[in-house]
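**Q** Take a look at the following structure, please.
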Amino acid sequence: MSLTQPLKDFFVKVTGKTKLRKVLIVPFVVQIVSTVGLVGYVSFKNGQQAVNNVALQLRREISDRTQQYLVSYLEKPHLINQINANAMRLAQLNLEDRKGFEHHLYQQIKLFDSVTTSAIATESGETIGVGRYLDGKMYIGVQDKSSDKIYSYQTNSKGERGKLVKTVSNYNPRNLLWYKAAVEKGKATWSPILIWKLRPITISINASLPLYDGERKLKAVLTSALSFDDINQFLEHLKISHSGKAFIIDRSGLIVATSTDEKPFITSSDGQSVQRIKATRVSVPLIRSTAEYLTTRFRNLNEIKSSQQLDFFIKGERQFLQVTPLKDDKGLDWLIVVVVPESDFMAEINTNSRNTILLCITALIVAIVVGILTARWVTKPLLQLNDAAKNIASGDWDKTLAINRADEVGELATSFKIMAAQIQTNFAQLQSLNEALARSENRLTQILEAIPVGISVHDMTGQVIYCNPTSSQLLGIEALPSAKTEQLAQIYHVYQTGTEQLYPVENMPIVCSLRGERARVDDMEIRLPERTVPLEVYSTPLFDETGKIVAAIAAFFDISERKETEQILANYNRTLEAQVAERTAELHRENAERELLAGKLRSSEEKIRTVFDAITDIVLIIDDKKSIQVIPTKTVSSHNCDPNLLDSIVKKFFQQDEQESWFAKVQQAMSTQANVNFDYNLWVGNREIWFAASLSPLSNNSLVWVARDITERKLAESALQKAALAAEVANKAKSTFLANMSHELRTPLNCVLGFAQILQRDKNLTPDQNRDITMIYKSGNHLLTLINDILDLAKIEAEKVELYTTDLNLSSLLVEISELFRLKAVEKRIEFIYQPLNQLPKIIHGDEKRLRQVLINLLGNAVKFTQQGSVSLKVEVIGDSEECHRLTIPKIRFQIEDTGIGIPPEELDKIFLPFEQVRNISHYSEGTGLGLAITQKIIFLMGSEIFLHSTPGIGSKFWFDLQLPEVTNSMETTTRKSTNNIIGYEGKKCTVLIIDDKRENRLVIVNMLKTIGFEIKEAANGLLGLEAALASQPDLIITDLIMPVMDGLEMTRKLRQIPQLQSIPVIAASAKVFEIDRKQSLESGCNDFLFLPIQVEELLEQIQAYLNLSWIYDNQFIEPLKTETTPPLEELIQLSQALKMGNAEAIEDQFFLIEQLYPETNSFVNKLRVLAANFQYEQIISLLDQSLSPP
């Protein structure tokens, strides 16, 4: 079968329902109209495309012309400034020769007619300028350096000063915008757009150029001004289109110039205030709508980086738009906007479109008229044939057909006449046969309707095509419903006997017969509204002369009486069986119930006895006469008491006064009908027994008394109180011991670490000495860390640790810690990775000291136990993007991973215990085992918990989440600069008074400060310190707290009472490290606190803060290393690129590579490392530039 056959059938089906006239007319008309319309549409589209191309070319041409004009126009004032600067540099112009200078400026203004003003202003206040006003007159303005007035003279024909026309007082050119712009930029630049309140008002812009002497000191500023009137005139003369517009705006949307006569500014009603206007507020609708579109399309005009061709609509009319940025290296940043309405180009195209539509209408009318005439000529004979056919159908055989044509229609008429004669003959024969068939069918119908059995005949679809009256009566129907095979059971309400299920269609006899089978069933019943009719059904198929099944016939009859007889017999048998079974079961049930009751009684008695024997409490039921009605336990009788009277129990164990109190409690419980609970003790023999009693009312005159032995609990509570008292005493002793131990250890450590820091600053030490000093400092720091860890653990256990939150720079903190451990990782030849996984808040509010301590503990362990591979610090804000935006307090996850030895599963539970370490002899390392314990407790104080996942031999991962509020309005914290290279400070010499009873402590601070230029005074106690302060009036005092004669706290309090000493900053320096000591020092009047051992960075940082000093650094590292052996050129270039990107990891990798490949350059690399460790990248780049430059 062809694939196109269904399409052909559909076409024939549709066209067969349409009149022949329409079939002839419509295609003809459609072809004509479609052809004309398609040609018109293509023509219209080509016209539109041509308009788009012309508009694009026009926009581009106007924008390019405007841009070229502005570039040429705007370069003139800068050219004038450069010419004047060169002339002054070559001594061709001299400010001393004012007349010559004024004549030179006059000739320039005449030569460059677009420049309105050319002037120079010196830093000393001298000004010379020549300007042209709109009336064409030229003026010379001069100001002496000794005067604050500027004088304006009208020029004569020779360009010389003429009549004095104006004097302006309080004139200072250094306050003018064009002067400030040049000073700020330090190079050729543009001033902001200026509005001059002249008559008329003028808008201009100044090009300024600063002039410097050989020492880069500002001498003067040259300036030349341009008026925007020329730009407006240029835009007005542009041939854009009938209603197209061009305008220029700055990035803030303010008008610079337009192609209209509207002014780019507005004046207040009193004429005192003049302001530039935005493009969105101009009166020209096209410019205003264009500006509004740009503001909507681009949220910020700064987003327009390149030329844009855009289309938009105003009141349904399309507008062509081009926006072109105009930007130079002197600060100019404008937008050139050209907008052309599409309607300016569409007039001719719209006329052609109207002509095309008229042509289509004319063609349609002509096609319809021609089609009607043609259709009438074709269809007239066919209509005559149709009338003849209708006459034959109505039995009119006598009318003749008069069509005399020789074409196909004539042949069709002849054939029709022959066919009509043949139909007339066949019709007569058929009428005779139908009469015989009707007589036969009448006899068959009489037979079927007389049979007292239901008869139904079904066609091949199952539809009943005949049923006799008996069938209608049994089925309860009057008319034959429409029902196919699958609907027979539902339509005729046929059910399986005795069920609520419809009879399965596939098992129905009539369905079986339609398949060619004979069938009989008696399990079928018809459900009628008033009764149910059980049926027995027989069915057989009917065949045609070829043996094909054409129908099926069914015979069925009511078997209700037979079914009732069978049911009666079945019911009788069932009733008899049920009666016998019921009597037998009744006898068995009675016997079983008697045995069950007897067993339950025995079991209940046994359970009650067992329960009461097991109860250790005293349980009594008491009435208001003090008699015991029930004694369920034997506890009372075991104490040799009369079980019948409560009075005997009370008298045996209680004194007389106690008895009255106890009976009062019994009466209270009965009268209030509420539970009464109390504890009491009894002496049984030589043993004291405690009971907890509960009295619960049963009625108004009885209650139940339950008393439980709580002697062991009382003994435990007493022991617990004694243990708590002992623990408190031990804690106080431990705190006192730790405080004393810390003080005694920190004092000598102050000397060790202090002098180690002093020696580290000595530039004359040999490498071996430097190494030994560093080892001493590291060992001392290790001991200090141990002391701090023990104190931290003690504070945490005593719940004396508080968090001190401040605003901190999270990014700087993480980078600082990462750089510290990256250096340690490089020493172990492992990789350190710091990875922020998403955007982190810059400034947060938290305890920087404790967060730093946690991260250093975790990273220190990771680096310590990692021999190969890497250690990584990953930080992220957790939660989805939307949630991150909603949260005001972000949750930040800190995650430390390593590829170290890992932790065995059996040690995971105790790794956070104090003094615990990984029990691996081959990897045992130094440490106290306190780091993780302290870390866990600090994180808990921060409101979180630490998590750990570790696999032995693969590595470990620690992580914790902290909610740290983001600070948006805090001043950004600065990065601490290294103090290693400080050699002095700027300004007058400062005096520092050091008060300490231990000479070695004073000596440490003296040596730290004396080498950088401080004058030092010393005192051995507070009293001597006061005398020294009065005598020397120091700029700053550093004092110990614990001293003989007078301690530091008393000394500070007295100091604050002396007027001339009240303002002197006092820094307390003490080995006492508890927070209470710091608070006491601040309350006594100290400004700050330093813990011993003193760290030189902290000391100098506090001194700088309180004395407002500026440090002087040693420049020995930034001298050109002409005598050093340097790496090859390509290695220095790679290092310079890494420094300029600020990539600390890449910098360290390059250092390591150079050391490995070129060992002879180690001296050069070591000096660079010192600078890199202090983040002095700019100094390294300067050093590299000198090393890279040719000799």
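From the backbone N, Cα and C atoms, a Cβ is placed for every residue, glycine too.
Okay, so TrEMBL annotates it like this:
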type	residues	note
DOMAIN	376-428	domain 'HAMP'
DOMAIN	440-478	domain 'PAS'
DOMAIN	519-571	domain 'PAC'
COILED	562-593	coiled coil
DOMAIN	991-1107	domain 'Response regulatory'
MOD_RES	Asp1040	4-aspartylphosphate
**Q** Which number gives the other C-beta atoms within 10 angstroms of the C-beta of the residue listed as '4-aspartylphosphate', all protein chains shown included?
**A** 26
**Q** Report the mean pLDDT of the predicted model across the domain 'Response regulatory' (991-1107), rounded to a whole number.
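**A** Mean pLDDT, the domain 'Response regulatory' (991-1107): 87.
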**Q** Helix, strand or coil: which one is Asp1040 (4-aspartylphosphate) in, per DSSP?
**A** coil
**Q** How many of the residues that make up the domain 'Response regulatory' (991-1107) does DSSP mark as helix, as strand and as coil?
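**A** Summed by class, the stretch gives 57 helix, 23 strand, 37 coil.
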